[in-house]
Amino acid sequence: MAAKDVKFGRDAREGILKGVDTLANAVKVTLGPKGRNVVIEKSFGAPRITKDGVTVAKEIELKDKYENMGAQMLREVASKTNDLAGDGTTTATVLGQAIVREGMKSVAAGMNPMDLKRGIDIAVTKVVENLKSRSKDVAGSEEIAQVGIISANGDREVGEKIAEAMEKVGKEGVITVDESKGLEFELETVEGMQFDRGYLSPYFITNPDKMTVELENPYILIHEKKLSNLQAMLPILEAAVQSGRPLLIIAEDIEGEALATLVVNKLRGGLKVAAVKAPGFGDRRKAMLQDIAILTKGEMISEDLGIKLENVTLGMLGEAKRVTIDKDNTTIVDGAGDEADIKARVNEIRTQIDNTTSDYDREKLQERLAKLAGGVAVIKVGGASEVEVKERKDRVDDALHATRAAVEEGIVPGGGTALLYATKVLEGLKGENDDQTRGIDIVRKAIVAPVRQIATNAGHDGAVISGNLLREDNESQGFNAATDTYEDLVKAGVIDPTKVVRVALQDAASVAGLLITTEAAISEVPEDKSSGGGMPDMGGMGGMGGMGGF
């Protein structure tokens, strides 16, 4: 086991604080509309240029072990905020630094760290309550666009594209961000339910120009197992022919004579039919087939439920307005399912999302939810170079998370003013003792830091700007760093999602509280690798001298 180096008290805290400052100072230059870029060297390829706080934080690794501990703890603040809210990482870092610095000063002055932490927790709870009480619901796509614009550092095109995507697929829909080959932003949307399975045979194609199968007003047979026996299918095929409507078969697989018969019938024109494999695998396949059944008002034909294929009637089949199938995807548009049944299924999936602990399962459940409740939109980000595309993609990701957070918990005035005005609820608030009251004061000072930093990055004196704002009665009034003016920020469209501000403060206070209450730090002593193992260094053997006589 490697030897350890242990530092106590002030020595430990000094190294940690230095690391916190190093990381925070690199991240906070990106805050606000006039924040600067950070250039990150890559081990191969061009350097990366970004204005995304969490990207900067993740790249920082310090040489000194104790400084690195502080930097990594503060990096955790940025990462956690990014995971929970998707934005606000720079704000969280600025808040974390402010709380740690003030807290360390108080500990150095002889105050009890545990009471300081209790005071910090009391203050954070009060501020969060205040933020929630002042939060406003997002009304319309204009406000959604504004949230996106602010989060994308003033890029109007990004905000508008996200608002357009949300309008098309709904608030529950899936919106993904991809890189585009061209220079432009593009938005692609898929209406209805789409799953990644194409036609089983090209002979099913009805539109040779597009190489797609297009079925208008079809019946949909949803079968859980493989279909290879033709006899069992005959009754339902005959019923479909008599109805004169197309038939889509979704099953685990269709093979042998069953597939051959379907193809022959299609080519002869007796039956408009197409077949696709069921999406997903294992239990997830069952769940997705059930989703399709509910969406199309059909029944999933399963031996487990005691339903045999030969006994299936037209009334047990699903229906939809249109189905389009290409070689990779199947899209069901406007299924005949009952609104109430779909809603119940959506709520069931939501409960599963809340209860699952696996990120992978959560992602798959969210995809299912979107397919049932909304749709899927893809925002394709373009640019003149690979570096530019990556930088813009970072901003679009941030903006997308921010708009989702705004829809979830509402909005507050932006530019750090929501936290600035929350200082008023902490005035006169006392803890059980002086040290707890000092903890409350630490938070009161810290939550002014984001406004100051935004003003500083815009070339103004942060202390003067925050002082001017605290004299205001209108809590929507703030400093718009983009235009260098004092104005009503809600009317000007400078708004932040409440969830982002709340999560940033809670995460910053949580990690800062741990650092303030740290009394010892342990790091590994690097092994001395100057000389290898085995024989000791012989320092050279010298010359052998003349041998003479020969």
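The backbone N, Cα and C atoms fix where each Cβ goes, and this holds for glycine too.
Within 10 Å of the C-beta atom of Gly415 (ATP binding site) sit 26 other C-beta atoms, taking all shown protein chains into account. For 30-33, Lys51, 87-91, Gly415, 480-482, Asp496, the entry in Swiss-Prot reads ATP binding site, with the evidence type sequence analysis.
Proximity of Asp496 (ATP binding site) to non-local residues of its own chain (separation of 6 or more, Cβ distance below 8 Å) is seen for Gly88, Val147, Ile150, Ala402, Ile411, Val412, Pro413, Gly414, Gly415, Ala418, given in sequence order.
Taking a C-beta cut-off of under 8 angstroms and a sequence separation of 6 or more, Lys51 (ATP binding site) has the following same-chain neighbours: Thr30, Gly35, Arg36, Asn37, Val38, Asn153, Glu391, Asp394, Arg395. Each of the binding-site residues Thr30, Thr90 was scored by the number of other CB atoms within 10 A of its CB, and the lowest score belongs to Thr30. Neighbour counts were taken at the CB atom with a 10 A radius for the binding-site residues Gly32, Gly88, Ala481; the maximum falls on Gly88.
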